[in-house]
Amino acid sequence: MKHYKPTFRCEIKGVAETQHLPIEQDAKEKQDGIVTTADEVTGYKAKASPRLLDRWLDTVVRIAGSAPVFCFIVGALLVWAFLGIRFGNSAKWTAVISDVQAILCYVFDSFLMRQLLREYSEQQEAIAEMKSRRNSHERMLAKLKSKLGPEGVSHVSQISSSRPLDALDQGTRTQGWFARMIIFSAWAFGHIVTVGMYWVCIFIWLGFGHYCGWTDQWQLYINSATSALMVLVFAFLDCLRECYADYVNNCLDAIFRLDATLEKELRCITEDHLPNEPEVIQPPRENPLQVAVFYYADIIGTLAGIIILVAVIIAWAAVGPIFHFNDNWWLLIGTYAGLIGLFDSFILRNIQGKVKEYTVCQVQSLEKRDMTLFARTQMAIPPKDDLDTSSVTHRISIAMGNVCSHLLMVIAGFLLTIGCVIGSSAMRWSTTGQLISNIPPSIIETFFMLILITGQNDADASARVDMTNIYHRRQRLLWFVKDAREYLAAPRELVDLPEKGDS
């Protein structure tokens, strides 16, 4: 019997599609012993989930992160804000935004977790496929090296090491105006100054507590403000992650096409027909508590989380007549979803940190394996781009992100959630008691969503550097193979190859 495993505890298996040699060659090619490659090579395409329900959920998540949905949510927030001019003193007006925020954010919690699970699976599988193809490169480069001989390897590597390298701009060139706007805005939303300004506003609100008599109305002010901000941030973050996924997929497509071209060129020279072997990435070892977090994350990021929410909403609507649809009843669903959302925000940041940690680990593993290819071909390794972390604000952002993604913060989030429940229970879940389980969770969850944007910006910058380095290494290897082919085809007295400006 197979036991259920969460996404982060499953091994990832990937095998690069083998680039087959053309069947026929013309007479001149046969005479010269050269096999040319076809233009068509295999690019990158994210694999769809085998289960229909998962594919539907992925489609819904993509729609939720689209421009029309984001613009609709922003428009709805503006309408609600203008209605506040007329109904601002009504408790129901403030309760409505609290309930809508709690439910929407609960749903977006599931969507964001789904995006993280999908990102982890897709990127790990992509790296596994690159490792699979790299193993074939190593085998065929050994054959090519024996064909060239020591003198040929030295001659070709000297020429190919001086070839120019193109920039990896595939992801940027394919971005539309909306994606550019979202990514640009993310640097403002996720900046450490923005996070600091958020807490300044919270302390200003606290400063007015004595003046307002610490009333329920004073509490509802911040509840409404943070609720509206949280809806905006959740919708923005969902949209940002979809833009990021599109960017990464386009860059991976460029890398895969270059890598496939390298494979096909090697097969042409070495006449190697062995298929690419599968590569398996084992999940890293984690402590039992972190594994428990992975199980919980899998529940959030699947249909189970949405089904639970629907069941709760039905139960909430059913008890409406018992509460006579009063203010307590309106706050009830917001209280439940707010408490769950509070704990989920800690889980989201932890999982976001783990996704980056695992991805960086595999990228470093691929880089180490690539170094053996350059050592054997005696080529100069392309200059490595590094992420600029010299600014103070960037270092503070990284440190804050590391603290917030730590497993101990998940424990702290759980204890905080329990504390809110105990406090509300002590006040018999009155309006003030429910606000205790609404306002602190709302403030903290909004903060964590801003930190998620900061973490997303950091992951985006890191991915750009990593993919550029991989792209440049593949370019340098392709130059070596192309120059080697010309070296083998040329008469021995004409082995000096002319310098070329492009591949």
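First residue shown is number 1, and so on along the chain.
For all residues, glycine too, the Cβ spot is worked out from N, Cα and C.
Here the coiled coil (113-147) has a mean pLDDT of 93 out of 100. The coiled coil annotation in TrEMBL covers 113-147.
Per TrEMBL, the feature transmembrane segment maps to 60-83 (among others).
Marked as transmembrane segment by TrEMBL: 182-206 (among others). Same-chain residues lying 6 or more positions outside the transmembrane segment (182-206) and placing a CB less than 8 Å from one of its CB atoms are 175, 221-222, 225, 233, 236, 239-240, 243-244, 247, 393, 396-397, 400, 443, 446-447, 450-451, 453-457, 460.
Feature annotation from TrEMBL assigns transmembrane segment to 218-237 (among others).
The feature transmembrane segment is assigned by TrEMBL to 293-317 (among others).
Feature annotation from TrEMBL assigns transmembrane segment to 329-348 (among others). For the transmembrane segment (329-348), same-chain residues at least 6 beyond its ends with a Cβ under 8 Å from one of its own Cβ atoms are 92, 95-96, 98-99, 101-103, 105-106, 109, 112-113, 116, 293, 296-297, 300, 309, 312-313, 316, 319-320, 323, 409-410, 412-414, 416-417, 420-421, 424, 429, 431, 434-435, 437-438, 440-442, 444-445, 448-449, 452.
Among the features that TrEMBL reports, transmembrane segment is placed at 407-429 (among others).
Note on the transmembrane segment (435-454): residues 98, 101, 105, 112, 186, 189-192, 194-195, 198-199, 202, 216, 219-220, 222-223, 226-227, 229-230, 233-234, 236-237, 240, 331, 334-335, 338-339, 341-342, 345-346, 348-349, 352, 397, 400-401, 404, 416-417, 420-421, 423-424, 427 of its chain, located 6 or more positions outside it, place their CB under 8 angstroms from a CB of the stretch. If you look up TrEMBL, you'll see 435-454 (among others) marked as transmembrane segment.
Listed as Cβ neighbours of the coiled coil (113-147) (distance under 8 Å, sequence separation of 6 or more from its ends, same chain) are residues 7-8, 12-16, 44, 46-47, 57-58, 61, 65, 153, 238, 241-242, 245, 248-249, 252, 255-256, 259-260, 262-263, 266-267, 269-270, 272, 274, 276-281, 297-298, 300-302, 305, 344, 347-348, 351-352, 355, 358-359, 362-363, 365-366, 369-370, 372-373, 376-377, 470, 477, 481, 484, 488.
Sequence-distant neighbours of the transmembrane segment (293-317) (same chain, 6+ residues past either end, Cβ-Cβ under 8 Å): 6-9, 53-54, 57, 103, 106-107, 109-110, 113-114, 116-117, 286, 329, 332-333, 336-337, 344, 347, 350-351, 407, 410. Beyond the transmembrane segment (218-237), the same-chain residues lying 6 or more positions past its ends with a Cβ under 8 Å from any Cβ of the stretch are 69-70, 73-74, 77, 80-81, 84, 91, 94, 97-98, 100-102, 104-105, 108, 112, 182, 185-186, 189, 202, 205, 208-209, 212, 432, 435, 438-439, 442-443, 445-446, 449-450, 452-453, 456.
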